[in-house]
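Contents: one structure, followed by commentary.
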C-alpha cells in the first residue's frame, strides 16, 4: 500500500509514477480520493473547532456554577456541540475505511531505475550465462533435434492424462523416476538456500485467511487468481470477509506475514526465510496459453526466498537474492539470462523486479523460472511490519521475495537441457547425491 502522506502532499507526482505502469486503467480513482480527502479535512477541522469550543465553554461553566449563576444556555450549547461532534466523528470513522479501500487497489510505484515500457517487449536483458561459456555466453545448441519435456518425461513417469482424470486440465501426476527427480530438485534447492545462503527453512500452512493475503497484496484485487477453500459442512460460498480461506498462490504469502503486526529489533534484520510448498493458482486469463506440458499448472511446487530488511539495504538485498536464484541454475548447469522488468510488466506489489529465464531447447527460447522483487515498504505498510530504529522509533521494514526456484519448471529445464539423443537424461553432478549417485535417467 502506498503512503497516504505521499498522496496528500504530492498527488500529481504519485499519479505520474503510477501511469508509468502503462496499463489502460485508472490505478487510483483520483476524483474519489480528492473528494474523500477534502471531506476528511473539513470534518477534521470542524471536529477540532468543536472540541476547542467545548473546552472553552466547560471552563466558563465551572466558575459560573460556583457563583450560582445560570448556565442553561451554555450547557445547551455544549450538548449541541457534543451531538455535532459525534456525528462528525462517525462520518470520519466511515471515511477512513473508504480511503483504505481505494489505496488497497493501487499498485506500487516503480523505482527510478526501472525502464518504462508497456509489456515484456520493454524488458531489458542484464546478463546471461551458460555452462559451456560462462558469463555472457549463449546456450550451446544440442547436436540433435531436441525433444520437449512432455515426450522426454512420459517414459520416466510424467502423466498428464492421469492428472486430468483426477483433477482436470493443468494438473500433473509424476511417478517413479521423474517423481524422484522432482523431490531431489526441491531438496537440493532448499539445501543451497539454507546451507549456503543463510535462509531459515520454514514449514507453513498451505491454506491462509484473507487478512494474510491482503497483507501481501493478493487481496482484494486478485481474488480471481486464487482458489478459495470451503470447510466441510459449510453452506454456500466462503465468507467475503477475513474469515474466508484460500490455498496459497506462493509461500511468499505466509512467510512475509510472519512479521505482520510485529516490531522487530534492528539487530534482527535481515530476516531470511525459505520454504518448499505447493502453490495453487487459477491461471485466470491464461486460456490457450502453454496448454502443453508443465509450464503453466494450477498446482506446482516452488522453493521461495523471503527477506525482511532495513530500508537502506533493500536494493543490495535484491541483487543478492537474484544471485541466490542464479546459483541454483549454475549448479544445475542450466543456461539462463537475467532480465530487468519494465514498468508495464512488473507485479502489483513490486517496485523493481528481475526475472530469471532458463533456456528451453525444444522451444528455442528462454522462459521465466524465477522472479525476484523488492516491494520496499508497500507490503510492510499493509502488514504494519516494523522495526525499532537506532533512535528508538518504529519504522517500516522493506520486504523482498523471489523463487529459488520453481521446481516444476526446473524439472522441465533439466530434462530438455540434459537430454541425450536416445531420450535418456544426464543427471547434473550436483543432483547425483540426492539420487543415490545415479548418473543417468532412463524410462
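Placed from the backbone N, Cα and C atoms, the Cβ positions cover glycine too.
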Listed in Swiss-Prot for the L-serine site shared with 250, 251, 252, 304, one of 169, 371, 403:
403
Would you mind sorting out which of 250, 251, 252, 403 (the binding-site residues) have a C-alpha within 10 A of the one on residue 371 (ATP binding site)?
403
Could you tally the C-beta atoms, other than its own, that fall within 10 angstroms of the C-beta of residue 403 (L-serine binding site)?
27
Starting from the Cβ centroid of 250, 251, 252, 304, 403, the recorded L-serine site, name every other residue in that chain with its Cβ within 8 Å, sequence order please.
253, 255, 275, 277, 279, 302, 303, 305, 306, 401, 402
Rounded to the nearest Å - Cα separation of residue 250 (L-serine binding site) and residue 281 (ATP binding site):
9
From 281, 283, 370: binding-site residues whose CA lies within 10 A of residue 403 (L-serine binding site):
370
